[in-house]
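For reference, TrEMBL has these:
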type: TRANSMEM; residues: A:6-28; note: transmembrane segment
type: TRANSMEM; residues: A:49-68; note: transmembrane segment
type: TRANSMEM; residues: A:88-107; note: transmembrane segment
type: TRANSMEM; residues: A:146-167; note: transmembrane segment
type: TRANSMEM; residues: A:187-205; note: transmembrane segment
type: TRANSMEM; residues: A:217-236; note: transmembrane segment
type: TRANSMEM; residues: A:257-275; note: transmembrane segment
type: TRANSMEM; residues: A:304-323; note: transmembrane segment
type: TRANSMEM; residues: A:368-386; note: transmembrane segment
type: TRANSMEM; residues: A:398-420; note: transmembrane segment
Amino acid sequence: MEIIATHGTLFLVLAIVFGLYMTWGIGANDVANAMGTSVGSGAISIRQAILIAAIFEFAGALIAGGNVTATIRKGIIDPGPIAQTPELLVYGMLAALLAAAIWLMIATSRGWPVSTSHTIVGAIVGFGVAGIGVDAVQWAAIGQIAISWILSPLLGGLIAWLLMLSIRELIFTSDNPFLSAKRWGPFYLFLVGWIVSLVSLFKGLKHLDLHLTNLQSLMVATVIGLLVAIAGKLMIDRVQPNVSADRDFHFASVERVFAPMMLFTACAMAFAHGSNDVANGIGPMAAVVSIVQSGGQVGQESALPLWILGLGGIGIVVGLATMGYRVMQTIGVRITELTPTRGYCATLAAAATVVLASKTGLPVSTTHIAVGAVMGVGLARGIGALDMRVIGNIFVSWLVTLPAGALLAAIFFFIFKAIFG
Amino acid sequence: MQAIPPLSALFARSPFKPMRQHMAVVHDCVGLVPGLFDALIDGDAAALLAAREAIDAKESEADAIKNDVRLHLPKSLFLPVDRRDLLAILEVQDRIADVSQDIAGLLTQRELKVLESMREGLRELVQRCVEACGQARAIIDELDELIETGFRGPEAARVEAMIAQLNQTETETDALVTRLLQTLFQHEQTMDPVSVMLWYQLIQWIGNLADNAEKVGERLLLLIAR
């Protein structure tokens, strides 16, 4: 208890610094991946992507980011056995943050496609085993998370596949694809607005003291969906067929209809990502803050302070603006197989899956879902070629990240313990 | 920070664009064959040699693209079509360039005289064969759209119609080949035997240009039919 009283301010500062470091890494790499499908399809520019990400990541973290934070803080380890020595939990959370941030840096600098969610979960497990004991880790929760790692790409893939099939059925195989695209465009936009607002309304707004019944949520989401559809229709109506481009690729005009729609899916994706992944960085930060502020109470029910969510949002945006820019530029140049329609399907499916997952509190990885969604589009024969070996590598890196994060966190935990006693 | 983001690494280079590029080069290559016969008929040895060199260059270019596609089409690729079908199409496409090269080679190896009575028929046959290859190229250019529609719908019907038209063109070249062979038969008593033999071979080879073009269409039809 004395340790917390003595070093309380230092712990707070460290938590904020490490938390910002972590969210900076998320913004630099993860967000760039999340926005990659939009940029890669050529529908929005990198500049637009950064602006969209800045606004909607922040909004997502603030409005719908509360649930996953709770899982990160309390769902993975049981701090009960160390209730008498709360400083251990502080060390652990600091160690987890630092370990995750560093692993993220190492991995991304080498081009390993690791997930921030895996990293932080692994780190917390590592601390749990090292600092409390094997029994403290809630292995059932880990199992649930592991299932979500398989489930989320599958779900993302399934949704993307269904969307792709519907676009093919309604638009590409119709007699006049361009007119069909204009006719169905607003409907697809409605889906974007509806799905994202519905799922975030369902569970994400508790800490904003906004309590809606299911029916109210449904109605609000429908209204938002309609607004998005109307706004999109105004944009779509201005699209003229490009006859000269049609000579090279005669669905070029259809893709022109979907290009403005990507603006909306990109917003949805950024919102979804912010609502889910920002928690990776701020969950442990919030745990430290809660312990220090309560003077050493562990496991106490406390609301997540809004300023922490805001801090996480800022970290992400700064990371995106400083480093993510380059990553996204690379994606924009390299992904040439993504047309706006394919990008739309992949992005909306990923966004829907992410928000769905964050609603249930599972710390899924946006990268996994994006991979799944892109594969779903590929399965619907929408994409020329996916490299299965790369998918294999991604799976391997998913496996490696957990122990790597755990090991680093354990090491840092012992270092902190040695420094502060 | 990383240079290659994982999500973009997920996308292997699609083989469809190189497939189209390959067919375009093959079409360019076969497009030089009429010039070859013009030079032969005019008796312009320098022009003949120049045409042959141009054909050789295009054939090498096509080979390079073909090898590139083969190298970058690993088994692990997640393709919307069977990779064997794709490689088979590539093979037939490439054969058009190969046959063009063979024809050019034969014409420059020996001095061949073109009978007065065969000139027009020869020009017409070569022209029709080049048209057939152009039609095959137009069909291959539809690959992207076919993928977009999942090889179904009006787009597939359009390509099927194009393939039917290609088959029609090929049938016409068959008739031209037969007529040329008949003309050759009428004159073979007055020619030296080796030349006669080579002419029979040459006319068959010209016909092969259209045959292979037709096969490109037929192979693509298999993709649609699946």
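The backbone N, Cα and C atoms fix where each Cβ goes, glycine too.
Among A:6-28, A:146-167, A:257-275, A:368-386, A:398-420, A:6-28 has the largest number of CB pairs under 8 A with the transmembrane segment (A:304-323). Listed as Cβ neighbours of the transmembrane segment (A:217-236) (distance under 8 Å, sequence separation of 6 or more from its ends, same chain) are residues 182, 185-187, 189-194, 197-198, 201-202, 257, 260-261, 263-264.
Away from its own ends, the transmembrane segment (A:257-275) comes close to residues 30-31, 34-35, 37-38, 41-44, 48-49, 52-53, 55-65, 68, 178, 181-182, 185, 188-189, 192-193, 195-196, 200, 204, 228, 232, 235-236, 239, 313, 316, 339-341, 343-344, 347-348, 350-352, 354-355, 358, 366 of its chain (Cβ-Cβ under 8 Å, at least six residues beyond either end). Within its own chain, the transmembrane segment (A:6-28) has Cβ neighbours under 8 Å at 57, 90, 93-94, 97-98, 100-101, 104-105, 108, 116, 120, 277-278, 280-282, 284-285, 288-289, 292, 308, 311-324, 327, 420, counting only residues six or more beyond its boundaries.
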